[in-house]
Amino acid sequence: SSRVSSSGSSSALSSLHTVEGVWPLPQSFTSSTERYPLNPKAFYFGYGRQSAAQQDCSVLDAAFKRYFSLIFPDYTSGSGDKPFTVEIRVDHADCDSYPNENSSERYNLSVSAGQASLNAETVWGALRGLETFSQLVYQDDFGTYFVNKTEIDDFPRFQFRGILLDTSRHYLPVQAILKTLDAMAYSKFNVFHWHIVDDPSFPYQSRTFPDLSSTGAFHPMTHIYTQSDVRRVISHARLWGIRVLPEFDSPGHTQSWGKGQSDLLTPCYRGSTPSGTFGPVNPVLPSTYQFMARLFKEVSSVFPDSYIHLGGDEVDFSCWKSNPDVRAFMQKMGFGGDFTKLEAFYMEKIVNITSALKKTSIVWQDVFDYHERRSSLSVVEVWRHGCYLCEVRRVVNAGLRVILASPWYLDQPGPTHNWARYYTVWPLAFKGTEEQKKLVIGGEVCMWGEYVDATNLTPRLWPRASAAAERLWSDEKQTSSVDEAFPRLQDFRCKLVRRGIRAEPLHVGHCKHEYQGV
């Protein structure tokens, strides 16, 4: 029978597949050489009787459709007529909600003759388990599909595993964003950090302030994200268990905002006359905060996630220094000549606006560095290079949560073989208590847009981002060896390619199913 795999080649093949089975590596994973043939014509997904979610659960019904074609990309073989069922059981039927920062992604998966049972606390955990199951299925040289007897108990090491895309420096078509969300789910990323606007362009089409995109985007019709584009991205992400975290970065990085909102930016002066150029957002006018309150009210209703990123990085003080109104305000407030105090004053106001909207704010580390009153901050994202763990330690010492981004900037090309740099990152390798280490909620891969658009986004991200994905998901001790990871990542990269993701090669070699074009 096909279950006896003692004949040399097939057991070598199946044990090969157990070795290279799943990326990122599950927390606990045992599999045997016993294997079961799968026939696409007799393969079913079903809900267990005890499951809180049943048929018509939008998230899981959509996942069954997707994963059927991911598991069986071609229907050439019809061998193995025994039916096989993947039975899902979840404790909470949160089918119509959005994933949030507390969503459990734990699951366990048990594959035996004729069936796999997948148990999870939430539908989001079930999605992670379906991804794992899809990676366990393989084909022999004759095209027959198999899955091995397997037991997996799995959960993420860090709750926040993000990818930042910058859609201001180059516009990314919605299709490119959706494709990236798919690839993120294959590596179990769960947050899409949408750095949607910046100095070069303002592509977000605001209902409240339509002039922001009509004058601030590269083109008012072709290079914008309409409200329905944004809804598409959010709903696509939801079906993959991915949170969408918008970033509206201020007071710096706002040149494009000034085109559609007069008096928002600070007029710069040359001596006693305006020079005609503008600097960061003007922090001295009440109208600034009225505008921001209305904009963030809209943003917080459009984006369901409880986190909003407020930016706050790289503020150039020279324009503020040149402006007599700003200098007078500094004197009135008793800030002297310390412009970091003015930035802290501004950010404090913006944080208060978002708190009033019941949103948790994330800021770049600059804001933490300048802030005297750190208690008003919630989450700090560490991005500067240098001793980034020193900064992580300072933030957790202040009792704040941290997202680590510094070691995972992938926007520079760099050869794919430097993936090991992104793999050998140890986010908790600083002196601190258990409680402090728990404040490191995760990390993020950043793909800034200076040199990236839809032509090169995918190969630049994948498979290098998957190295960071395993670091953020898996147990550190089990995944500390680059040499052991290499054949698994190579195997995973071929899976991405077969799924239509243009992931770059890691080294010389070939995939059984090479990239077929669009």
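Cβ atoms here come from the backbone N, Cα and C positions, even for glycine.
For E314 (active site, proton donor), applying a Cβ distance below 8 Å and a minimum sequence separation of six or more within one chain yields G252, H253, D366. Annotated active site, proton donor per TrEMBL: E314, in sequence order.
Neighbour density for C95 (disulfide bond): within 10 A of its CB lie 17 other CB atoms from the protein chains shown. Taken from TrEMBL, the feature disulfide bond applies to C57-C95 (among others).
Sequence-distant neighbours of C268 (disulfide bond) (same chain, six or more apart, CB under 8 Å from its CB) are P274, S275, T277, F278, G279, S318, C319, S322, N323, listed in sequence order. Look at TrEMBL and you will find C268-C319 (among others) tagged as disulfide bond.
Taken from TrEMBL, the feature disulfide bond covers C494-C511 (among others). Annotation for C494 (disulfide bond): same-chain Cβ neighbours under 8 Å, separated by at least 6 residues, are C511, K512, H513.
The domain 'Beta-hexosaminidase eukaryotic type N-terminal' annotation in TrEMBL covers 22-136.
Residues annotated as domain 'Glycoside hydrolase family 20 catalytic' in TrEMBL: 158-475.
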Judged by other C-beta atoms within 10 Å of its C-beta, the most isolated of the disulfide-bonded residues C57, C319, C511 is C511
Taking DSSP helix as H, G and I and strand as E and B, the domain 'Beta-hexosaminidase eukaryotic type N-terminal' (22-136) has 31 helix, 35 strand, 49 coil
